[in-house]
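Enquirer: Mind looking over this structure? Questions follow.
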Amino acid sequence: MAELDTLDLVVLAAILFGTVAYFTKGKLWGVTKDPYASSLANASGAKAGKTRNFVEKMEEQGKNCIIFYGSQTGTAEDYASRLAKEGKSRFGLETMVADLEEYDFDNLDTIPEDKVVFFVLATYGEGEPTDNAVDFYEFITNEDVNFTEGNEPALGNLNYVTFGLGNNTYEHYNSMVRNVDKALQKLGAHRIGDAGEGDDGAGTMEEDFLAWKEPMWKALAERMGLEEREAVYEPVFSIVEREGLTKESPEVYLGEPNKMHLDGTAKGPFNAHNPYIAPIAQSYELFSVKDRNCLHMDIDISASNLNYQTGDHIAVWPTNPGEEVDRFMNVLGLSEKRHTVVSVKALEPTAKVPFPTPTTYDAIVRYHMEICAPVSRQFLAQLAAFAPDAEARAEMTKLGAEKDYFYEKISLHHLNIARVLDIVGKGQKWTNIPFSAFIEGITKLQPRYYSISSSSLEQPKKISITAVVESTQLPGRDDPFRGVATNYLLALKQKQNGEPEPCPFGLSYELTGPRNKYDGIHVPVHVRHSNFKLPSDPSKPIICIGPGTGVAPMRGFIRERVQQAKNGEKVGKTLLFFGCRKSTEDFMYKNEWEEAKEILGDNFELITAFSREGPKKVYVQHRLKERAEEINQLLEQKAYFYVCGDAANMAREVNTVLSQIISEQRGIPEAKAEEIVKNMRSSNQYQEDVWS
């Protein structure tokens, strides 16, 4: 018999190994999978091989109602979850919530008529779809949209419901839901109830939603033959305490967003599912008054694969202040169990646990829940059944049922859930509420977006943030309402500048992050690309309106033009209208504007409006009107017009003033001038980066 050479032995060993693997299914060497581990442990939360056919998914899971959401800040997703829960508990619908970007829609014409599809759609920016709704929106509004069956009408089988989330301070108010509804109607689909619209600009989003859904449910019940029943709380998630694990156990998530971060191997792509833990290169105060703060921060992205373009946005992932975490834990009677390890598991196959597990109560509340957000009326009504006594139950029921009473007692003071429970329960612990109710009823803690105030041409690996620290005194409230993210950034700035125990306004934060992974002044971030952009031709004139922190992207634009001039490019006329209270208090980047003037010469001019220095208040829109002739001349030279800041007042008034300037300077009716401004917007000659 011939001797076996080395290659033969290798081949035989491989065959033996494969045979053993086949018959044992790898159990001899496999790592035991944690049966409670969350599917969100990976960076994207997506499962390999997951179907993109939602009709097939509904059939597999026995669902007759699917609720799609297009969400940028989490509100639309929250509303979708609430509708799903209510549809199941009140009407026995078999519901599932779905992210628009996870499914294809060319088979929308195959959904049976005894099923219903909801679309809960936020409008982002200037009438744009949210990031997760872009593909769906482009597909459904395409003039040549094609479906699998070729029916006539194409979607005669589809029963659908729509609700939109918008802001009336934007020109394209609720355009997503309006355009999608119009497209579905055109394709022959049948809408049930009215196309609902919520208005964040008027501050009525929640009440608009509540007012819309009652007649919608009635219409849906009639259409589908549903019987309403008494709603009883059924948990979507199970909470299992893990006795064999402690917060020191390496597999326990203490606030890490995914498995890579837990293992210390985080790598890109960095995005809304996977932040980059970025060093803060420097941070300093821009205001010179004691009672207000405005921060400048430079975020170093050089060790990542992140990139940005001038005009983009940076997302900051905040953590909740320790004082509010303590308040929440205390009112629920969880203070002693805050570091207890728990696993959270979905009790029905289409639900998603919104954070990775196993984890601790403290980590869930600190890193994953919007516990500081104003509470919803509907949520209070749901919690009434778990009140510690009859008096508290009656008060919660009244708050949930009476719109005006709720506004007077809760909304007016921006009370969060823990504060409400503490007040209503008069200090009693609310130990009867299942923790799953909070996972379902409180929105996931969302990244906060800031206009980038640096130039990618000048500093491609460093992103600047310009942010005023939010602190609002409200009637009937002992302490101001404070922004979660900006006060977190203020604490980081204090630490970087030598304060040993940063505690802005008495608020403390876990600045070193889970397992000290943010130590050395780091902050979790990702970049979101924006359409707010300079003209490709730097010789084109630009007019920038940026009062207050609205100056952030304008600083980026002007630094870009300064760099272009240094590089020998011809730079066009650049006007910046900047406004603040006083030149001695909040005149941001004063020295930088002087430096820009030295480089750009007559091609740069700063026009200021100090609202509290004269006998009457003067704002940027007043200064704009004073320069009417020059503004019109620049527009006739195809100048680009940029506005950043408050949408409700400043941006709206600037739009009006611009129409007046064009009307008066060109001797045309104001209606014609308004049409010109509208055309400027549609051609991107007029761009806005505004907030409510």
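Counting begins at 1 with the first residue displayed.
Every residue, even glycine, has its Cβ placed from backbone N, Cα and C.
These came from TrEMBL, pasted as-is:
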type: BINDING; residues: 71-76, 122-125, 165-174, D200; note: FMN binding site
type: BINDING; residues: R292, T549, S611, R612, K617, V618, Y619, V620, Q621, E653; note: NADP(+) binding site
type: BINDING; residues: R448, Y449, Y450, S451, T466, A467, V468, G483, V484, A485, T486, W691; note: FAD binding site
type: DOMAIN; residues: 65-217; note: domain 'Flavodoxin-like'
type: DOMAIN; residues: 273-535; note: domain 'FAD-binding FR-type'
type: TRANSMEM; residues: 6-24; note: transmembrane segment
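A description of the local structural setting of each listed feature is requested, covering burial, neighbours and distances.
Expert: Around G125 (FMN binding site), the same-chain residues six or more apart in sequence whose CB sits under 8 Å from its CB are Y170, S530, N531, D689, listed in sequence order.
Contacts of T486 (FAD binding site) defined by a Cβ separation under 8 A and a same-chain sequence distance of 6+ are given as L295, R448, A467, V468, V469, E470, in order along the sequence.
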Enquirer: Please tell me which one of the binding-site residues listed here (Y173, Y450, V484) sits closest to Y619 (NADP(+) binding site), measuring Cα to Cα?
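Expert: Nearest candidate: Y450.
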Enquirer: Please list residues from the chain of G74 (FMN binding site) whose Cβ is under 8 angstroms from its Cβ, counting only those at least six apart in sequence.
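Expert: Result: E370, T443, K444, Q446.
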Enquirer: Roughly how many Å separate the Cα of Q621 (NADP(+) binding site) from that of Y450 (FAD binding site), to the nearest whole number?
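Expert: Approximately 23 Å lies between the Cα of Q621 (NADP(+) binding site) and that of Y450 (FAD binding site).
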Enquirer: Among the binding-site residues listed here (Y450, T466, V484, S611), which has the Cα closest to the Cα of Y173 (FMN binding site)?
Expert: Y450
Enquirer: Would you mind checking how many other C-beta atoms are within 10 angstroms of the C-beta on Q621 (NADP(+) binding site)?
Expert: 22
Enquirer: Can you tell me how spread out the FAD site is, meaning the largest CA to CA distance among R448, Y449, Y450, S451, T466, A467, V468, G483, V484, A485, T486, W691, in Å?
Expert: 17
Enquirer: Could you tell me which of these binding-site residues, A122, V468, V484, has the greatest number of Cβ atoms within 10 Å of its own Cβ?
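Expert: Ranked by Cβ atoms within 10 Å, first place goes to A122.
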Enquirer: State, in Å as a whole number, the widest CA to CA span among the NADP(+)-binding residues R292, T549, S611, R612, K617, V618, Y619, V620, Q621, E653 given in the record.
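Expert: Roughly 26 Å, rounded to the nearest whole number.
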